[in-house]
Every structure is written in C-alpha cells, then in structure tokens.
Amino acid sequence: MTTPIVAVVGRPNVGKSTLFNRLTKSKMALVDDLPGVTRDRLYGRVESYEKPFTLIDTGGFDPPADQAFADEVHAQIKLAMEEADLILFLTDGKYGLSPLDSHVADMLRRSHKPVIACVNKIDSPEKEDAASEFYALGITPLHFISSAHGYGIWDMMQDVMAALPSVEEEDEDNSGEIRVTLLGRPNVGKSSLLNALVGSPRVVVSDVAGTTRDTIDTPFTFDGQDYVLIDTAGIRKLGRVEKGIEKAGVFRSLRSLERAHVAVVVLDAFEGITDQDLRLAGQAVESYRGLVVVLNKWDLLKGEEYKQRRLKERLESAFRFAPYAPVVKISALTKKGVNRVLPQVKKVFEEYNKRIATGPLNKAMEMILAKHQPPMVKGKRLKFYYASQVANRPPTIVLFVNNPKAVHFSYRRYLNNELRGVMGLTKAPLRLLFRERSGRKSHKGRP
Ligand SMILES: Nc1nc2c(ncn2[C@@H]2O[C@H](COP(=O)(O)OP(=O)(O)OP(=O)(O)O)[C@@H](O)[C@H]2O)c(=O)[nH]1
Ligand SMILES: Nc1nc2c(ncn2[C@@H]2O[C@H](COP(=O)(O)OP(=O)(O)OP(=O)(O)O)[C@@H](O)[C@H]2O)c(=O)[nH]1
C-alpha cells in the first residue's frame, strides 16, 4: 500500500502554508517522538480524513536574487507535476486573478495529473460571487475556501478523497520481490553500498542535473530472493544537485519511499549522526516503510572503542522513534558486513506482510483495553468498538472509536506497542488508523 502525495502549488502569498498547517495540524502523532529538528514545513501527513496522504508545501523555494518569482513558481510546479499524485492549485480571491495564475493553470492543464483548483481567502460565502472570475482558469473542480477560517475545506477535501486511491486497496503486487530504497545524505557512501550490493559498478547517472527525472530501478537476486533497488539514478544524482537541494531531496526520498517496502538509511559512522540523517529516517517512519539502519564506514572506527561506544549511545537515543529498526555495521569500501544488509531487509519485509484475522485481533483488543483502560476525556470515557486489519505492507489496523481526536499520543503508543506484540512484529512498523464511529455498542458487546 502506498500513501499518495498531494502537492500544494500557487503564487507566493496565496496561503499555501496556511492551508498546509490547517490540514496537517491534527495529524496522528507518531511524529511526537521525533526530535524537533526533524519536523519542518516541507511535508506532513494528513490522516484525519478517510484516506491518509502526504501533503507537500512546495512554497518557500529560495530562488537566486536575480530571478523573478515566476521562476520559483515554475520550479515548484514542475516538481509537483513530476512527483505528486494530485495537485491542489491555490489562488488568492482577495487579490483577484493574476496573469501568473493563468500561466500556472496552463502548465497544470498540460500535466496528466488530477488538479483541484481552490480560490483561497474567501472568508465567507458572500465573497464567492466576487471571485467568479476564477472560472476563467478553466480548471474544474474549483472550490472557494478559506484556509485561515476553514470555510469550504470540507467540500474540497471530499473531492481530494474521491481522487485518491483507497487505503483498503491491497498491494496487488504479489511477485515476492522486495523493493528497497537507499537513503542517506551526500557522501555517506550510498553509491559505494549500491555498487557493493549489486556487484559491479553501474553507470546510471544523468549528467544534466535538474532535467527530467530518470528513475532507474535495478533488479537483482540475492540468496534466491528477488530485490529491486529503487531509483538508483537518484542515489547518485542527488549529490550533484546544488540548488534547492533540500526540497529536491525531500521529494526524491518521499517518492522513493512510496514505492519501497523497506528503506535502508545509510549513516556515516565516522562523522556521526546528523539532523539530516534523522530527517530521512523520520520520513521512512512517517511513511510506515520498513527501516534498516546501516552504519557505514565502520572501518574508520576500527580499534576506536570510545568512539564506537559514543556512537552506540547516540544511536539509541536519536532513534528512539524507531526502536524496532535493525542496525547493521558495514564498510562499503572493504565490503565487510555488506552481506548482512539484505538478510535484515528480508526479515523486516517478512514482518511487513503479516496479517491478523479479525477474531483474534478483537479478542486481543479486549485484553489490551482491559489491562490499561482508555483515559477519560472531559468526563467521558473513550470507547473502542471494533478493530480490523485493512491492509498489509505495512500492516494497517483500523480502530473504530467514539472520538478519534481524543485518543492521546501516549495511549496510541500503548495500543501500538501491545498490538505489535500480538502480531509478532519486532522489526517492522504497525500502522493504526483511528476512525470515528458513534453507537451504543461498546467493544465488549462485539463478538
Ligand atoms: N483573509 C485570509 N487571509 C489568508 C487566508 N489564508 C492565508 N491568508 C493570509 O495570506 C498571507 C499569506 O499566507 P501564507 O500561508 O504564508 O502564503 P504562502 O502561499 O505559503 O506564501 P509563500 O510562503 O510566500 O509561498 C498570510 O498573511 C495569511 O494570514 C484566508 O483564508 N483568508
Ligand atoms: N573509509 C570508508 N570510506 C567510504 C566507505 N564507503 C564510502 N566511502 C567513501 O566515501 C565517499 C563517498 O562515497 P559515495 O559512495 O560516493 O557516497 P554517496 O552517499 O553516494 O554520495 P553522494 O553521491 O554525494 O550522495 C567516497 O570517497 C567513498 O570512497 C567506507 O565504508 N569506508
């Protein structure tokens, strides 16, 4: 199951960040465990609607000073058209239609991606009439919304939901191949690991940075298991892109993650763990991909026991948000340990496919709820009605509850840990979705 990517595009100041904040603010709080530094406004998960998705705020590019902002918008749109599954095109109803809006509309019409147009800053229904000039953009559906106050957002989200694939759609691909993505900041040794894994150096680099993205996947077999290394071109290309590296990098890693089962995050053991490393690992966790942490350049720590211990401590504290991720120490240079990477990937993948039937799941839920009752919220007890696994890859369980927003982070974590135990998940993540259900029957009333 992949999580779709929705990108918000539009001229500066139309309200993209405001919309982004509104939609992501009630996101489920797996992120609470991530160190503050890994949180930014580049992307966020939206899980409070029927279908979860990743939202990307394409604003805030820093164009070189001599370039007009038209170039900035142009760059955003191109990125969004390449990488997103759906585009939210925002315009400013208070300002009125701008020539740049029409230009953006032309570009979007030529893309084959679904687009939903929104006239923002329509703070009340009366303002809609004044904004009817936006129909001239020729993009439908067209919604009148207020990102700041919430007007029209619900209607717009209905169209977004209708355009996105459903969570319950199973991963059709039963070929048994494991899709792996290698993530890591520049110079940690991704290309070296790629070469060591695949055996022979492969020339996959496009020399012109920033042109059409050429995704090249590399299939191979190891110990009788089929693997596909995703976007092997991007692994090398990213190091060469200088401008807008961060945003391009975020996009690349998100897109690769969406196509992967397992992310291998490569760290440089010699340089230590940086914020960027944690951000990449955080993306993998937020995308609910399997995660294997590779400590590369271990050869440089040979005999350095103090440094090894320091690194181990730092790793344990920094990766508290993914305690289940196996860690493999390697040297891509000497190839020592390299053969231990894929067996770990395979173990994670096997758990990633696990299933639990509804009967045993609900029996387990009864015990879990009895052992540690859901807390009272404003004098009312949270009620869990029913649980069901709706997907694997990753294992995804929907919990029906009377008030999903009131399920506190610590209780979510409790449920997640307990259910992981029940399902025998030790190396892979479990995704819990909380859905509203009203009704008198309590969980105990269900068979
Ligand atoms: N009246 C009104 N103002 C809004 C609304 N949404 C955003 N604004 C205001 O518009 C201004 C720009 O909003 P941002 O969300 O920063 O716009 P942006 O598109 O992210 O801007 P860039 O970062 O420059 O790309 C801010 O002053 C917001 O408060 C709205 O629905 N109604
Ligand atoms: N000592 C040591 N050096 C390594 C190891 N792995 C890679 N290197 C060196 O680290 C440097 C970067 O390696 P690359 O494989 O190009 O790193 P990368 O992550 O692909 O870099 P970008 O293309 O910039 O993203 C090269 O000089 C490698 O020789 C290792 O295990 N030990």
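From the backbone N, Cα and C atoms, a Cβ is placed for every residue, glycine too.
Taken from TrEMBL, the feature domain 'EngA-type G' covers 4-168, 178-353. Annotation source TrEMBL lists GTP 1 binding site at 10-17, 57-61, 120-123. The GTP 2 binding site annotation in TrEMBL covers 184-191, 231-235, 296-299.
Non-local contacts of Gly184 (GTP 2 binding site) by the CB criterion (under 8 A, 6+ apart in sequence, same chain) comprise Lys190, Val265, Val266, Leu267, Asp268, Asp277, Leu280. Taking Cβ-Cβ distances under 8 Å and a sequence gap of 6 or more within the same chain, the neighbours of Asn13 (GTP 1 binding site) are Asp92. In this structure, Asn13, Lys16 are the binding-site residues from Asn13, Lys16, Asn187, Trp298 whose C-beta falls under 6 Å of some atom of ligand 1. Only Asn187 of the binding-site residues listed as Thr58, Asn187, Trp298 bring a Cβ under 6 Å of any atom of ligand 2; the order follows the sequence. In space, Thr58 is the closest of the binding-site residues Gly10, Lys16, Thr58, Ile122 to Trp298 (GTP 2 binding site), judged by Cα positions. Cβ packing within 10 Å was compared across the binding-site residues Thr58, Asn187, and the lowest neighbour count falls to Asn187. Within the model, the domain 'EngA-type G' (4-168) shows a mean pLDDT value of 79, rounded to a whole number.
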